[in-house]
Amino acid sequence: MKIAILATNPHLYSHKRLKAEAEAAGHEVKIINPLYCYMNVAASNPKVHYRGGAPLPHFDAVIPRIGASITYYGTAVLRHMETMGMYTLNESIAISRSRDKFRSLQLLARKGIPMPLTSFAQSPDDTEDLIHMVGGAPLVIKLLEGTQGKGVILADSHQSAVSIINAFKEMHANILVQEFIEESRGTDIRCFVIGEKVVAAVKRQAKDGEFRANVHQGGKAVKVKLSPQERAIAVSAAKTMGLRVAGVDLIRSNHGPLVLEINSSPGLEGIEKATNINLAGKIIEYIEKKAKPISSNHRFHG
C-alpha cells in the first residue's frame, strides 16, 4: 500500500513510529506537510499539488496527524483527498467535529454519554449566573482553543472564578466553564480507541501542585485497568465523533466515569511506553483491514 501521513513535523515520536511500523509491514510511506499542499476545485479532476509544483500521487490510505493550530487548512486538504477517493483513517468531518469542544460536548450529551456539567459563553454579562449554572466554585475554566492542558484554569473559590471569567471577558474569548470533580483532582484516564475497541489505557497523574494531568504539563502515565463501563463509554464517545482512532479522556467521579475530551490525533509516546503496547503497529493493521477507496457518492460530507 501507498500510505501518506499528513503531518507538519516528521520528527515527532508518533509520526516516526507510524512510518517505521508501516514500512516494516512492507508499505511505502510518505510524510506530507499539509501546509505545503495546495488544491484545485474541479468537478471532474480534483488535484492536490505539493511544494515544487508536482501533483500528489494517489494514496491508498491517509493517516491525518493535523495539529490543532492548523485544523481549518489541514482538514481542507484532507477533505480534498477524500474527494479524490483516498481512504482516510479519520475523516475530515470527524476531526472538525471533535476539535470544536462545545460541539463535541453537545453531541455527547445528545447520545447520553456522561460528562461534567458545562456551560459556554463569550463575554457573558451575568458572570454570577454562568457560575451558578455549573453548581458554583470550585470550577474549571477552559479556553475553547486550548490544547494539551494549556488555557485551563482551576478556580478554587467563587471570587477567583469571577475574576478569571471577567478577565477572559475583556479578551472576548470563548470559554467553557465546567464543574470541578474534586475526587479526580490531578488524575485522568486516557483510553486509546482503534475501531470499536479500547486497545490501551493509562492513568495520568499530575505533578505536585498541578491539577492538570496532561503529560505535556509534566504529568506521569501508568498502565491502568478499565471497568467494562469505562471501556463502553470510551468507545461510544469515539463513535459519536465518527473517529476510527481516538484518545478519549475520562475521569472517575463518585457517580461514575465522565468524558472530558476526545482527541483525534492522540500521541503515542506516553501510552506506548507505559503499556508496552505497539499502538503504531495496531493502527497499521487496522488500515490494512479497512482501507478501501471511497466511492464517488460518499466522497463529500459537507
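Yeah, the Cβs are placed from backbone N, Cα and C, and that goes for glycine too.
Look at Swiss-Prot and you will find Lys142, Glu179, Phe180, Asp188, Arg212, Ala213, Asn214 tagged as ATP binding site. The Mn(2+) 1 binding site annotation in Swiss-Prot covers Asp249, Glu261. If you look up Swiss-Prot, you'll see Asp249, Glu261 marked as Mg(2+) 1 binding site. Residues or ranges marked as Mn(2+) 2 binding site by Swiss-Prot: Glu261, Asn263. Annotation source Swiss-Prot lists Mg(2+) 2 binding site at Glu261, Asn263. Residues or ranges marked as domain 'ATP-grasp' by Swiss-Prot: 105-288.
Cβ-based neighbour count (10 Å, all protein chains) for Phe180 (ATP binding site) stands at 20.
Calculated from their C-alpha atoms, the gap between Glu261 (Mn(2+) 1 binding site) and Phe180 (ATP binding site) amounts to 14 Å. Residues near Glu179 (ATP binding site) in space but far in sequence (CB under 8 A, at least 6 apart, same chain), listed by position: Pro116, Leu117, Thr118, Val134, Gly135, Leu139, Val140. Note: the Cα of Asp249 (Mn(2+) 1 binding site) and the Cα of Asp188 (ATP binding site) are spaced 7 Å from each other.
Recorded residues Lys142 (ATP binding site) and Asn263 (Mn(2+) 2 binding site) have their alpha carbons 16 Å apart, per Cα-Cα distance. For Asn263 (Mn(2+) 2 binding site), applying a Cβ distance below 8 Å and a minimum sequence separation of six or more within one chain yields Ser98, Ala246, Gly247, Val248, Asp249.
The 10 Å shell around the Cβ of Glu261 (Mn(2+) 1 binding site) contains 18 further Cβ atoms across the protein chains shown.
Taken residue by residue with DSSP, Lys142 (ATP binding site) is part of a strand.
Here the domain 'ATP-grasp' (105-288) returns a mean pLDDT of 89 for the predicted model.
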